[in-house]
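What Swiss-Prot annotates here:
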DOMAIN    5-267  domain 'Pyruvate carboxyltransferase'
BINDING   Asp14, His202, His204, Asn238  Mn(2+) binding site
REGION    392-519  region 'Regulatory domain'
Amino acid sequence: MHQQVIIFDTTLRDGEQSLQTSLSVKEKLQIAFALEKLGVDVMEVGFPISSPGDFESVHTIAQNIQNSCVCGLARCLEKDIDIAAEALKSAKKFRIHIFLPTSAIHIQSKLRKNFDQIIDMTTHSIRYARKYTDDVEFSCEDAGRTSIDNLCRIVEIAIKSGARTINIPDTVGYTIPNQFSEIIYSLYKKVPIIDQAIISVHCHDDLGMAVGNSISAIQAGARQIEGTINGIGERAGNTALEEIIMAIKIRHDLLHVYTNIHHHEIYQTSQVVSQLCNMPIPANKAIVGSNAFSHSSGIHQDGVLKNKKNYEIMNPKNIGLKKVQLNLTSRSGRAAVKYHMEKMGYQEHDYNIDELYKVFLKLADQKGRVFNYELEALAFTKYSQEYLEYFALESFHIHSTSSALSNAIINLYCGKEKKIHSCSTTGRGPIDAAYKALTLISKLPIKLEKYQLHSKKYEYNILGQVNIIVSYQGRHFHGIGSNIDIIKASIIAMIQALNNIWQTKQITINHKNTQHIKK
């Protein structure tokens, strides 16, 4: 019979400690709501005694969360426990999580105590916390470097004192999977009352072992996994919960456990955490990276088109993604080109695949990735500057005021004759104003879907590179602009996107006319 693994999220406590700036109460609450929607069993949302701001955020989240258990961290000190209980008292379900170092190096060099004193502090603190709640978790800080005899001794004392959950952290990410699983096995062998508590693990990623150690702990009997969304956290980060959750789901045949997580919320939760914490997700990040369900190799693309299971061990819909991405690059084969043309509504008799594939490879070698509208242009036009630059920047002027409103005057060359069209608009900031003016001049009702700004050093200046995605009539179009002036780079990117849209419109018109003539 499969057993449940409790998912303990510490994004708002351990994860937040790694951020360059603290989250506001409002931002923390937004993340907490996302975690609750995801279905985490326990969310550790702060260290109440550490600051008035942390107390307020824990208190606010405790008042608003309905389903998940809300947890606060405390040292083995009465004052810490009192403050944590005060912050948590309005929660429907709450847990007090207390911790104490157990490794020789921490006890001697950090606390200047002996192990017997640690035992006494553990007993007293757990019993004291039990005055406020039956749900007390005790963590053996630096358990990964604690002697097994001492670890077994303190775990037994903690359970006898009333701790319902015993956490075994690999605080400095020192252990490797077979070593860490042996620690958990040893606890089950040597602590007679181990079945009276849930064994939890909290692994750090200093050697890249956090997820591996957590999985090995599950196999050894751990039934709570602590971690963070996207693996954010101190130093190299924590166990990435999305990876644990999907490993349990996909490899249930070996792990024989389950979680109560709503898997289809994983991607959205990851995005919320990334955006609010201002921590971009690496493209190759497992489960939630932009390349996680993307295929560029021609062999892989052909295999996926024939049967997704050839190269995909999970369905992207399981995490809330709608589709697999087959990127068009110089490594793509004819099958991928046909697939993208079919997605745009074209049949094989509409174009010559051999001719299209030749010019596609030339363009892919030049620019790396080719987008659908560029492929469409290759199929039905000579991919010339005439088509690429229907719109071109003549000049612009931006005037901003202290009220956060900005006025933009944009002058564009339009059409083959390069007639200048002008527009003046007001917006909330210079880029908003400029984009409104460009939309009015082009008469293309577009919506800005994504705006990314990257900086690069160029000679003695910092060059701003702007990447945008806009939507028009249900399709996405891209634009890139580079300049030492960020506003100009943004305008260049938008003009490129407008040119791509204009070109696609011309191709559609020409194709319809051709089809009409054939009939």
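Note that Cβ sites are derived from N, Cα and C of the backbone, with glycine treated the same way.
DSSP assigns His204 (Mn(2+) binding site) to a strand in the three-state reduction.
Neighbour density for His202 (Mn(2+) binding site): within 10 A of its CB lie 29 other CB atoms from the protein chains shown.
Excluding the listed site residues Asp14, His202, His204, Asn238, the same chain places Thr10, Pro169, Thr171, Cys203, Ala210, Glu226, Gly227, Thr228, Gly233, Glu234, Gly237, Thr239 with Cβ atoms within 8 Å of the centre of the Mn(2+) site Cβ atoms.
Burial estimate for the binding-site residues (His204, Asn238): highest at Asn238, by number of other CB atoms within 10 Å. Counting only same-chain residues six or more apart in sequence, the Cβ atoms lying under 8 angstroms from the Cβ of Asp14 (Mn(2+) binding site) belong to Glu44, Thr228, Gly233, Glu234, Asn238.
In the three-state DSSP assignment, the secondary structure recorded for Asp14 (Mn(2+) binding site) is helix.
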